[in-house]
Amino acid sequence: MTLDSTDLFGAVIDRRVVPVLVPMPAAKAYSYVVPDGMAVEPGSIVQVPLGPRLVVGVVWDGADDGMVDPRKLKQIEKVFDCPPLTGDMRAFLDWVAAYTVTPPGLVARMALRAPAAFDPEPMVEALRLTDMRPERMTSARERVIAAASDGFSWTRSGLAHAAGVSSSVVDGLTAQGVFETVFMPPPPVVALPDPDFAAPRLEGAQKDAAADLLAAVEERRFSVSLIDGITGSGKTEVYFEAIAATLRAGKQVLILLPEIALTASFLERFQDRFGSKPAEWHSDLAPRTREKVWRQVTTGQVRVVAGARSALFLPFEDLGLIIVDEEHDPAYKQEDRVFYNARDMAVVRGRISNFPVVLVSATPSVESRVNGEMGRYRPIHLPTRFGDAALPHLGVVDMRRHPPERGGFLSPVLLDQVGKAIGRGEQALLFLNRRGYAPLTLCRVCGHRFQCPDCSSWLVEHRFRGQIQCHHCGYSERTPEACPECGTLDHLVACGPGVERIAEEVERHFPEARTIVLSSDLMGVKRLRLELEAIARGEADIVIGTQLVAKGHNFPMMTLVGIVDADLGLANGDPRAAERTFQLLSQVTGRAGRTGLKSLGLLQTYQPQHPVMQAIVSGDSDAFYEREINERERAALPPFGRLASIIVSADSRNDAEGHARGLRMAAPRVDGIAILGPAEAPLALIRGRHRFRLLVHGRRNSDMQAFVKAMIAGGPKERGSISVQLDIDPQSFL
DNA sequence: AGCACGCCGACT
DNA sequence: GTCGGCGTGCTC
């Protein structure tokens, strides 16, 4: 808008005022004055003064509402030389903000997560051969000149490397005028992918699925396809064809992967098909690389990004396809600051920009499955494995009939199969989704249980490190020798298994075997990649791992997978517990049987009749899904209702339950409230108090939105120790 | 979200 | 007497 104002000489001048989203939890955009001679438009990325500092903001849509005292208005400091956020991108950010009940500035900030990328990358210094030649020629100098004779410009170190000399040789030649310094645009972070580099010949079901998918993708408008295919059925090859088609049409592609830091093998497969790697985007990127990728995505130099959920907020120049691989994976949910599920927001982004979205999973989420059945998503089935990849034979071990020996956790049945597998020179994987040695430690004399002083959950013993740790808030201390309650020495007893304890049991039974424990707390991402490669080369016999062994790495010699405790995670109150267990166990057992060798998966369970076990063992999941869908529909859970979670911070569980009852009274249209233990509260929210999570579900969007907004507005003050944070699970928004 | 201001405990 | 904990409040 234009404001009338008066200058020093009493003349009326125009001040142009625009809304600017600043990275702050304000309900709406702030107003800033555009200085004379500055050109801004909606989407422009700008630097503005905010309180005592300068921040990055985005000029937003609409006119300024003139509600702020004109004397308070400050000027935009500068406009970055960078493509403005497109109208689609702004509409997307607005939508996410409204849907997740998050201040728009915080959502916009996710699109600007690249410290210094907003100005163009500086040109790089390069050397180009001139007509001058050195007075004295040496063989090193000849090699340098020969290498540089291709007519192109070279970087100093690149040229030295290419000629096999040290850079001082190049410097000497430069000093004599043989090279002149020129500036060239910075090199791309990745080479351009070639859609025709190694197009595979697809057969049978894969060919049909690819044709089906291409029909949807080549319409070049919004649709959601759900590729549902068992492990090893060739889902990746199929969606690579959709990527190729999109690249040929000149559009950019985004591939979302859960935990991309662990998926080196995916990048290689992509390179084999397209001749170059996609640009990566995840939290472990080096800041310089991050800036380059951000910049080159906005300018369109990067054509394909493979990224974690945050990549969804990259401001692509011209995005034309999103693939969400392993769409059921809980890692797509962000549970701090802005609460969102990247899978669902990907669908929204496709709808807003009118391009196709492809969801992929061997074990689709119940939501996606229902959306497929209702015709909102287009189901594409890949029912069979191809090549020599036989399915593993899967079975349960009924732990009531085959109990482990005293103090152990592995049944004789499983131990026998481990012995046989390593006896044949093959590998065995034992999966237990529990880090550390034991989940609970107590004193045999007085019954004292080690509990976290900050958040009330049990402290987990980590024997390799000699520590007891809280897995929820990060608290840790050295494992004491004496009971802190009664002072008795050496009477602490570990209850229940963790991977470290399983490793101990394995080593007792197979002292000769090479055993390795893979657990996220024992190694960083880099170290883990190396270990995974070593295992794939056959440098271990028995691998004992937590959840991270489930993610996209293939071990050709792995012919036995043992699930140490298939029941773990079934009884924690989460309405998605069974679904999650089914998905996780399918993924882990899918690690076996990718070779031509006969392979076996065994699930140790006390509930062999449980629908999850039945679905896994039979390989027929339809009955399981049907049951879950009916249950969800009855309880008004997604996708039939809406699910929000509220973190209640209270001094005791009793208080939390009291608050829950209070909330229920306050929200008559909410269908159900479940209280989950401290383990269910997201890590980021725990700050030294007892925290519980309430899962609240209701049938109608508007009811839940109203409820959640009221909770935020009512906030901690009026409700004593309740603090509200939410996590809204999307349902249908199509 | 940052960052400043402001009011009570252990230290040079 | 100051340094520093984090509770409260503000940013166009």
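The backbone N, Cα and C atoms fix where each Cβ goes, and this holds for glycine too.
Annotations in TrEMBL come from automatic prediction, not curation.
For A:216-382, the entry in TrEMBL reads domain 'Helicase ATP-binding'.
Summarising the annotation, TrEMBL assigns domain 'Helicase C-terminal' to A:414-635.
What TrEMBL lists as Zn(2+) 1 binding site is A:CYS443, A:CYS446, A:CYS483, A:CYS486. Following the DSSP three-state reduction, the secondary structure of A:CYS486 (Zn(2+) 1 binding site) is coil. Its own atom aside, the Cβ of A:CYS486 (Zn(2+) 1 binding site) has 12 Cβ atoms within 10 angstroms in the protein chains shown.
The Zn(2+) 2 binding site annotation in TrEMBL covers A:CYS452, A:CYS455, A:CYS470, A:CYS473. In the shown protein chains, 22 other C-beta atoms lie within 10 A of the C-beta of A:CYS470 (Zn(2+) 2 binding site). A:CYS470 (Zn(2+) 2 binding site) carries neither a helix nor a strand DSSP state and counts as coil.
Comparing A:CYS486 (Zn(2+) 1 binding site) with A:CYS470 (Zn(2+) 2 binding site), their Cα atoms are 22 Å apart once rounded.
Per-site Cβ counts within 10 Å over the binding-site residues A:CYS443, A:CYS446, A:CYS452, A:CYS483 peak at A:CYS452. A:CYS452 (Zn(2+) 2 binding site) falls outside any helix or strand according to DSSP and counts as coil. Annotation note: A:CYS443 (Zn(2+) 1 binding site) sits in a strand segment as assigned by DSSP. A distance of 15 Å separates the Cα atom of A:CYS483 (Zn(2+) 1 binding site) from that of A:CYS452 (Zn(2+) 2 binding site).
A mean pLDDT of 89 is what the model gives for the domain 'Helicase C-terminal' (A:414-635).
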